[in-house]
Every structure is written in structure tokens, then in C-alpha cells.
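Here is the structure we will look at.
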Amino acid sequence: HLNPPPRDGGNGKCFFPFRYKDSLFYDCVKFKAKHKWCSLTENFEGYWKYCSENDFAKCVFPFWFRRTIYWGCTDDSEAFGKRWCSLTQNFNIQKVWRYCDDMYL
């Protein structure tokens, strides 16, 4: 259950990855809230905040995908041809990603 963020809730920075309900998250989430939020601790303990533009997960370069190292966004294996990136150094293990925005193009 999400309560309002406490005033003393850590340093105000999102902690990634964080655990919430037995799952590991590498980016802001939208559970039981109108806007995306993140945990301020490694294991969600009720300390959280709404995500701002600077809080969303960043691409990690270089990253491994299959047998190739990528130094930028790729459209490899993306059905709609949209460029994407990994949120960890080894996509093959964690399989977490995001579409690239103008910052990475």
C-alpha cells in the first residue's frame, strides 16, 4: 500500500533496481497510483516519490544483446523498427529495456 511520501524519506533519489512485491524493477512503476513512482530504498519499505523526468531509467552503454555489444540504441529484433536500449550491461541476463528517446538518437 502506498502512503504519502514521508518528509524524511531518504535523500529523495530513486533507488534502482528496487524490490516491490517480490519483483525487481529497473525503472519507475505505476501501481496503485495515477503517476509513475519509485522506491527510495532497495527493498520497498513505504518510502517513495513520484518520478520526475530525471528519475526515469537511463540506457546503459555498452550493452550485450545476443552475441553483439551495442554502443548505442538499436532496432535489432524490434518488430516495429523502433530503437531501444538495455537498462543493464547484459540484456541477455536481466532482459530489461526501454525505447530510446531523442536524447540517445
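Heads up, the Cβ atoms here are built off N, Cα and C, so glycines get one too.
Those TrEMBL annotations? Automatic predictions, nothing curated.
Keep in mind that what you see is a predicted model, and the values were worked out from it rather than measured.
Marked as domain 'Fibronectin type-II' by TrEMBL: 9-53 (among others). Under DSSP, residues within the domain 'Fibronectin type-II' (9-53) fall into helix, strand and coil as 0 helix, 14 strand, 31 coil.
For 54-102 (among others), the entry in TrEMBL reads domain 'Fibronectin type-II'. Secondary structure of the domain 'Fibronectin type-II' (54-102) per DSSP, as helix, strand and coil residue counts: 5 helix, 14 strand, 30 coil.
When Cβ atoms from all protein chains are considered, those within 10 Å of CYS59 (disulfide bond) total 20, not counting its own. As annotated by TrEMBL, disulfide bond applies to CYS59-CYS85 (among others).
In sequence order, CYS59, CYS73, LYS82, ARG83, TRP84, CYS85 constitute the residues six or more apart from CYS100 (disulfide bond) in its chain with CB-CB distances below 8 Å. The disulfide bond feature in TrEMBL is assigned to CYS73-CYS100 (among others).
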CYS85 (disulfide bond) has its Cβ surrounded, within 10 angstroms, by a count of other Cβ atoms equal to 22
